[in-house]
Amino acid sequence: MDLEDNATIRSQLRSVSEESTLTQPAEKAPPSKAGGALCRPGSSTFLLLASAVAAVSGFMLGYEMGVISGALLQLRDILSLTCQMQEVAVSALLLGALLVSFVGGYLLDQYGRKFAIIVTAGTIVVGTVVLVGFASFTALFLGRSLVGMAVALSGTASCLYIAEIAPHDRRGLLVSLYELMVVIGVLLGFGLSHVFAAVPDGWKYMFAAVIPPAVLQGGAMCFLPVSPRFLLKKRRQEAALAVLEQLRPCGADKELRSIQAVLREESQHSFLDLLSSKDNVRRRLLIGVALVFLQQSTGQPNVVFYASTILQSVGFHSHGAATLASTGLGAVKVAATVPAVLLVDRVGSRNFLCMGAAGMALSLTTLGMVTLQSHANATRICQSPTHTNHTNWLHNISSPVLDVLPVLREPVKVTGSSNWSVTQENWADTRSRETAEKFPGVDPEPKQVSGVLKWLSLVSLLSYVAAFSISLGPMVHVVLSEIFPLGVRGKAVSVVSAVNWGTNLIISLTFLTVTEKVGLANILFLYAAMSFVLLVFVIFYIPETKGQTLEQISKELSEKNNLGETICYRVRSKTDSFTMVKPGEKTNPN
């Protein structure tokens, strides 16, 4: 979900090109072959390969987000996970990401993007081995936390790396590879969850599938160049120039000077400048923080992490059916992200945000109403372990199954060293008693949800995911990269990123517990209300930046406007784009 680390990319994406425009008038720019902004890359294949290798970080992040949904269905039975333990298992990834966000910027500045990607690829392998090598809750938590640290730092490093090696005229396309790889990773995570849903110890295969891409990325990065921007920060000008000439022989000198100018601007600012009222920096920071908070408060992280669990509660009872339906969510995320990436420069990020927020509010309201009709299952979203994998009963002394064995009316038949078989009638009777004790007033036997309600809930969930993926998913990164001044842009994005991971952690860590208290339907209605708040917030406080340079955007936002002022727009007929004007300002026909 979510992901604000990409905003740093966009700042690199446009600021370098605009800096070069400022240092030399456009009319004096040399022809394409002589260099300058019009030059094409010297080696398109090599540039695309380097960007694709770095973007694998996005794939691994998306995969880890998606795979836990199906793995949790097996783990909660095998490890006898309580409601709170399931939340911790899911949120361990986010906790690791949050912790590394506080020191990630320092590590990247000290050791570089390339080195960070290589090290984090190895960390992902180590964390995964810990996770699958020991079937315990402690190993699950430690392994997921290590992987979370790795994918978060790797994501930031890869985004910066792509932005810093890509030329101006292709940077937007190449940077979009990361966002696309994230949703592809989510899709594959859902897909493999379905493939291994009925396989004994299938959760191990689900988690282990991330090892091959991690190994390939770490190995391939060893043969790719270091970021020229990092080399300049380390005062290695000749090495930086050599890398630029390798990537695009023409215009390397000019781009080198542009990067140096940007670095000088950044060095003149500190974190304290984020609290300054000068140029409305503090107001812009509050807008960025509010945007990512509302992004997470619409519930998208929980839909990704707990997709299979939610689908089981609305009628897709079997593991296979739930994981297959969740795979559809991943496919929709990919399908909706592609047009958003391709059309953002024509439609505008603000328009996408408005459409997405409205779509999410409508879809969540519908899903909540459908859930109310299937309340017998919706109130039991956090289910007790059912121990479908009986080989683990004797290895967990806290297993609730051992507690209920004395009430069985007939002898237990032993079919193997640790494989127990109980008659279906007695087992159902025991499970009913357990459920009646833990959920007073709730029918202990899951009732079948009507086909209409079941499929309507799936359609509503798919619509919600599509609305998010075409708006908040990619567009938040665009907005955050454009609303901050150049000198504090990286620092502001790092603060917003920490808020994003922290909010994501809190929401995911409490989802099952809160749902057990108030019911899934009420949670969905709350998410719908937050989507409506997001829509109002975007209308009043998010400017449309389509067709404007970063300097033009910064000038408009630096005006001493009150937070309650409405940002007005007018349509320019010739360019078919929006221009931001202050209330009451007279506009020219053009």
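Easy rule for this one: first residue shown is 1, then count along the chain.
Even glycines carry a Cβ here, placed using N, Cα and C.
What TrEMBL lists as region 'Disordered' is 14-36.
What TrEMBL records for 14-24 is compositional bias 'Polar residues'.
If you look up TrEMBL, you'll see 46-68 (among others) marked as transmembrane segment. Sequence-distant contacts of the transmembrane segment (46-68) (same chain, six or more residues past either end, CB-CB distance under 8 Å): 1, 89-90, 93, 117, 120, 124, 144, 147-148, 151-152, 154-155, 157-158, 161-162, 165-167, 170, 174, 177-190, 192-193, 206-207, 209-210, 213-214, 216-217, 220-221, 224-225, 246-248, 304-305, 307, 326, 330.
Model confidence over the domain 'Major facilitator superfamily (MFS) profile' (50-546) stands at 77, taken as the mean pLDDT rounded to a whole number. TrEMBL lists 50-546 with the feature domain 'Major facilitator superfamily (MFS) profile'.
The transmembrane segment annotation in TrEMBL covers 88-108 (among others).
Residues annotated as transmembrane segment in TrEMBL: 115-135 (among others).
Taken from TrEMBL, the feature transmembrane segment covers 141-163 (among others). Outside the transmembrane segment (141-163), and at least 6 residues removed from its termini, the chain residues within Cβ reach (under 8 Å) are 5-6, 8-10, 12-13, 50-51, 54-58, 60-61, 64, 68, 88-89, 92-97, 99-101, 104-105, 107-108, 113-114, 116-117, 120-121, 123-124, 126-132, 171, 174-175, 177-178, 207, 210, 227, 229, 497, 501.
Under the heading transmembrane segment, TrEMBL lists 175-199 (among others).
Per TrEMBL, the feature transmembrane segment maps to 205-226 (among others). Here the transmembrane segment (205-226) has Cβ contacts under 8 Å with residues 50, 53-54, 56-57, 59-60, 63-64, 67, 70-71, 112-114, 117-118, 121-122, 124-125, 128-129, 131-132, 143, 147, 165, 188-189, 192-193, 196, 199, 239, 243, 246-247 of the same chain, all six or more residues outside its ends.
What TrEMBL lists as transmembrane segment is 352-370 (among others).
According to TrEMBL, the feature transmembrane segment maps to 455-480 (among others).
The transmembrane segment annotation in TrEMBL covers 492-514 (among others).
The transmembrane segment annotation in TrEMBL covers 520-542 (among others).
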Mind checking which residues of the chain, 6+ beyond the ends of the transmembrane segment (88-108), have their Cβ under 8 Å from one of its Cβ atoms?
64-65, 68, 72, 75, 81, 116, 137, 140-142, 144-153, 156-157, 160, 301, 305-306, 490-491, 494, 497-498, 501-502, 504-505, 508-509
